[in-house]
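As structure tokens, the structure follows; a few thoughts come after it.
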């Protein structure tokens, strides 16, 4: 009460005795964020939420970007389980990793991407840092470009591209441009359009390329097309920014999936590269990735590494430990690595097999459309060519969920539901 009598009344105490003051204080406290608008829902998560609410026993979720086994269940690779057991038996500590991550993981990641006999590795003219999966690698790379790529702020993305590419580069301060990639008429690669657009990109700009299993289309250039693209990139003196989220998971052969990256480097094109172990090791929730910059020489690589660490420090200080240990154990233990490569091929082959079965079942349904693009495309995702109104019918009439652009995750297709999917697609396209 002394405070009240003194005339020096604290606001909170005064509000307790005067309801009007309390209301005013409450209004002031709640007024900071009244201008913040509700953000749009994530299109992929929206598909999943609608799927969960559906009670149809035949419902299918073809929107999820994660591998499923032939029973439609999440799959933990046996090689991952073995690696976890080996790590647990060592009773290791939980100390912080260095800013750049687990050294043995970074070295093995670079070898996996560039090849064990790569000249880049032998000369030491590269730097690899551990990142928070592929998304983190992209953001680190984009932030480095924003700070040090003095030639241009423009980054050219394929049309279409993974939805997260746009906000990652935009939020890092880069200017977004595009180049033709997908041809809706053929549901394939618009090679002529892509080369024409790339050849007109201003010199010393950044060009984003999907190394393999293009997301969302599943459409990849053939090796001879990659060669022509590399020739144009070199002629225009463009900086090639590779996103490789599916090495091994696309074709079942890690070397084949990394061919484009290695070819560009062999042609004297210095690139940067983002890797993810979410798909090819099934380490989705562990957030395991890497960012590699190929440099002019070892001295330049050391300077780039120092600046990458300066970028990482205020973002998240250092990367997670557990997933990197798992990936490193698999990559650096010969028997585990051999087992893992076999398991990756099994996953890739299952997806390839589902594509073939889907086309076969569409023919059995009597469909007269050309569905060859389904088997021509590669990787987890398939651009079906379905129109938005056809997708809407699939959702409403058959409880088959996918994004409005007709993209499906082939990983969600199994031998037990592929016939139902083919029947439904035929019904909405005949």
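Positions of Cβ are set from backbone N, Cα and C atoms, glycine also.
Taken from Swiss-Prot, the feature transit peptide applies to 1-29, supported by experimental evidence.
Here Swiss-Prot flags 65, 162, 215, 407 as substrate binding site, drawing on similarity to another entry. When other Cβ atoms within 10 Å of the Cβ of residue 162 (substrate binding site) are tallied across all protein chains shown, the result is 21.
For residue 90 (N6-succinyllysine), the count of additional Cβ atoms within 10 Å of its Cβ stands at 9 [all protein chains shown]. Feature annotation from Swiss-Prot assigns N6-succinyllysine to 90 (among others).
DSSP assigns residue 90 (N6-succinyllysine) to coil in the three-state reduction, placing it in neither a helix nor a strand. Here Swiss-Prot flags 90 (among others) as N6-acetyllysine.
DSSP assigns residue 107 (N6-acetyllysine) to a helix in the three-state reduction. According to Swiss-Prot, the feature N6-acetyllysine maps to 107 (among others).
The Cβ of residue 122 (N6-succinyllysine) has no same-chain neighbour under 8 Å that is 6 or more residues away in sequence. Summarising the annotation, Swiss-Prot assigns N6-succinyllysine to 122 (among others) and lists similarity to another entry as the type of evidence.
Annotated phosphoserine per Swiss-Prot: 143, in sequence order, evidence recorded as a large-scale study or a structure entry. Long-range neighbours of residue 143 (phosphoserine) (same chain, six or more residues apart, CB within less than 8 Å of its CB): 172, 173, 311.
Residue 159 (N6-acetyllysine) has a Cβ environment of 16 other Cβ atoms inside 10 Å. The N6-acetyllysine feature in Swiss-Prot is assigned to 159 (among others); the stated evidence is a large-scale study or a structure entry.
For 279, the entry in Swiss-Prot reads N6-(pyridoxal phosphate)lysine, with the evidence type similarity to another entry. Take the CB of residue 279 (N6-(pyridoxal phosphate)lysine) and look out to 10 A: across all protein chains shown you find 26 other CB atoms.
The annotation N6-acetyllysine is assigned in Swiss-Prot to 296 (among others) on the grounds of a large-scale study or a structure entry. Around residue 296 (N6-acetyllysine), a 10 Å sphere centred on its CB holds 10 further CB atoms from the protein chains shown. DSSP assigns residue 296 (N6-acetyllysine) to coil in the three-state reduction, outside any helix or strand.
Look at Swiss-Prot and you will find 309 (among others) tagged as N6-succinyllysine. Residue 309 (N6-succinyllysine) is surrounded by 15 other CB atoms, counting those within 10 A of its CB over all protein chains shown.
What Swiss-Prot lists as N6-succinyllysine is 338 (among others), and the listing cites similarity to another entry. Sequence-distant contacts of residue 338 (N6-succinyllysine), defined as residues of its own chain at least six apart whose C-beta falls under 8 angstroms from its C-beta, are absent.
DSSP classifies residue 363 (N6-acetyllysine) as helix under the three-state reduction. Every protein chain shown contributes to the tally, and the Cβ of residue 363 (N6-acetyllysine) ends up with 14 other Cβ atoms within 10 Å. As annotated by Swiss-Prot, N6-acetyllysine applies to 363 (among others), with the evidence given as similarity to another entry.
The feature N6-succinyllysine is assigned by Swiss-Prot to 396 (among others), with similarity to another entry given as support. Secondary structure at residue 396 (N6-succinyllysine), as computed by DSSP, is helix.
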Check: same-chain CB within 8 A of substrate site center, minus 65, 162, 215, 407:
163, 216, 380, 381, 409
Rank the recorded positions 107, 396, 407 by the number of other Cβ atoms within 10 Å of each Cβ, and give the residue at the low end.
396
Inter-residue C-alpha distance, residue 296 (N6-acetyllysine) and residue 309 (N6-succinyllysine) (nearest angstrom):
19
Same-chain residues at least 6 apart in sequence whose Cβ lies under 8 Å from residue 215 (substrate binding site):
65, 161, 162, 245, 246, 379, 380, 381
Given the modified residues 90, 159, 279, 309, 396, state which is nearest to residue 107 (N6-acetyllysine) when distance is taken between Cα atoms.
309
Name the one residue among 90, 159, 309, 396, 407 whose Cα is closest in three-dimensional space to that of residue 279 (N6-(pyridoxal phosphate)lysine); these are the recorded positions.
407
Among 159, 309, 396, 407, which are recorded as recorded positions, the nearest neighbour of residue 90 (N6-succinyllysine) by Cα:
309
